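Taken from Swiss-Prot, the feature Zn(2+) binding site applies to C70, C72, C85, C88. What Swiss-Prot records for D466, D468, D470 is Mg(2+) binding site.
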Amino acid sequence: MPKLEQRFDYVKIGLASPDRIRLWGERTLPNGQVVGEVTKPETINYRTLKPEMDGLFCERIFGPAKDWECHCGKYKRVRHRGIVCERCGVEVTESRVRRHRMGYIKLAAPVTHVWYLKGIPSYMATLLDMPLRDVEQIVYFNAYVVLNPGNHESLTYKQLLSEDQWIEIEDQIYSEDSQLVDIEVGIGAEAVQRLLQDLELETEAEALRSEIDVSKGQKRAKLIKRLRVIDNFIATGSRPDWMVLTVIPVIPPDLRPMVQLDGGRFATSDLNDLYRRVINRNNRLARLQEILAPEIIVRNEKRMLQEAVDALIDNGRRGRTVVGANNRPLKSLSDIIEGKQGRFRQNLLGKRVDYSGRSVIVVGPKLKMHQCGLPREMAIELFQPFVIHRLIRQGLVNNIKAAKRLIQRNDPIIWEVLEEVIDGHPVLLNRAPTLHRLGIQAFEPILVDGRAIQLHPLVCPAFNADFDGDQMAVHVPLSIESQAEARLLMLASNNILSPATGKPIVTPSQDMVLGCYYLTAENPKSQQGEGTYFASMNDVVMAYEQGQVELHAFIWVRYDGEVEDDDKGEPEIQTSGDGLVTHLYPSKRLRFDQDGKLISQYIRTTPGRIIYNKTIQESLAI
């Protein structure tokens, strides 16, 4: 099958005419036979397990079920490419054509498109300038509508009539002395189609513009709304009566598959059930029309056909929802398209990409701000091509297959090579929803055990992340350019300020604030090690780690730097035998020699405050 490449700027969705729907599904075979219309509700033959002809999986309409093989088996193999079998009429080609070849169902009676009837706003009701309730009554055979009042004095165009009113008028028309002529009334989608066909869009638009100029308030707003719809129909070249369907497209069979399960049973797409309902009711209606069945029976069948098509297009939009086994609502065409799991958002706007992973995030308090903890299991998958390349380059293996075998065996050498590979190779972390540019940032990966991604707590506000089960995605930039860009522009430590406000977005919160408070808090109660003197801050930390002092105990530590304090009062002065003078303040001790020169300074603090101060000094490299 030749590949067709065509560049386009955008996709536009509009109304399809009946001719265009036929064109999608109709094909002419070399023998002149036109195929494309699905006329039977059958799917596959339960004995041969082959698709039924003219059914929902017909090979003549949609293409062969097996590559290069016709339905009857006369032609097999690729050498018969392009031949159409004289016996079964199936073209010998690839089976993948069943993913794009369409069919169609020719309806025995027109039906309205439920989107245009029941949508908000209802375009059908807006165009006809009628209340939606009235249009619904016509469509679902609850009321007649006057299509042509003729010479009847009390009838008006588009007037609704009940069954009794119409019988009364009918009696008047067919009475012997009747003068009434040209009176036409209709019911169902056919009547709505006729009303839409009678609309002259250009004339209607001109009349509306004139009326808008002299109107005010709510009436003017209503007229503008109607004019906007009419202008859109004119601009797109669509006809209003195309909102009433006479032909329904049947989507390709591989997009609504039927799969055989282990026990011999079949699992099928809900669409097949919905299409089957439409075909059954359509065939029944055609048969009733052929045998000239009573009008009431035909009308009931038309209503049922309308409901079947409604369920196919948008199940549950109007009337009772069609359910399958276990009372589960069947998924209609609309359900497949719309929502988060729909075709657009799931498959077209968002796709799965290579070199990416996803896992739950947990806090990594020992990480630096530009680092993230990447699980080994995930890292070896993401960086596998790089690891294989390095293994071959270092001569540890000879080929890719041997390298993969080494990785599968979890050989210890793999982790050493992986450490070398990820060193200096940033990864991108993204948390959905990405509402601003800081929703995706670069980090240097650090290999960790477990299966959770570790994240520095300071970058949480930028991602709007917390650790109650949030998940994040990891992406690996492959090219040198993308790695450089990630390092220079996207590294977390380079994104301190919010792009929206210019204020710092990296601010400590919750656990960090509580931790800082706990470290620096004072406890007036007596604690272990209280009043002890230490020669340096390192001695204090060592004593705390050995359990000799508690975190909040008041201790004295020698400190030679400047100290800001509130000791304004006069100190208590002590003099030792060797002539040294000590000034005693509430929060510090100053010792001077005989010449008044400061020898040492001890300050009153807690191990917690020393640890806090020491950590900040080390991180700032003071």
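Every residue, even glycine, has its Cβ placed from backbone N, Cα and C.
The binding-site residues listed here are C70, C72, C85; among them, C70 has the most other Cβ atoms within 10 Å of its own Cβ. With respect to their backbone Cα atoms, C88 (Zn(2+) binding site) and D468 (Mg(2+) binding site) stand 61 Å from each other.
When Cα-Cα distances from C85 (Zn(2+) binding site) are compared across the binding-site residues D466, D468, D470, the shortest belongs to D470. Shown in sequence order, I361, A465, F467, G469 are the same-chain residues outside D466, D468, D470 whose Cβ sits within 8 Å of the Cβ centre of the Mg(2+) site. Using Cα positions, the member of the binding-site residues D466, D468, D470 nearest to C70 (Zn(2+) binding site) is identified as D470. Cβ packing within 10 Å was compared across the binding-site residues D466, D468, D470, and the lowest neighbour count falls to D468.
Using the Cβ center of C70, C72, C85, C88 for Zn(2+), the list of other same-chain residues with Cβ within 8 Å runs, in sequence order, E59, H71, G73, K74, Y75, E86, R87, G89, V90.
Checking each of the binding-site residues D466, D468, D470 against C72 (Zn(2+) binding site) by C-alpha distance, the shortest gap belongs to D470. The number of other Cβ atoms within 10 Å of the Cβ belonging to C88 (Zn(2+) binding site), over all protein chains shown, comes to 16.
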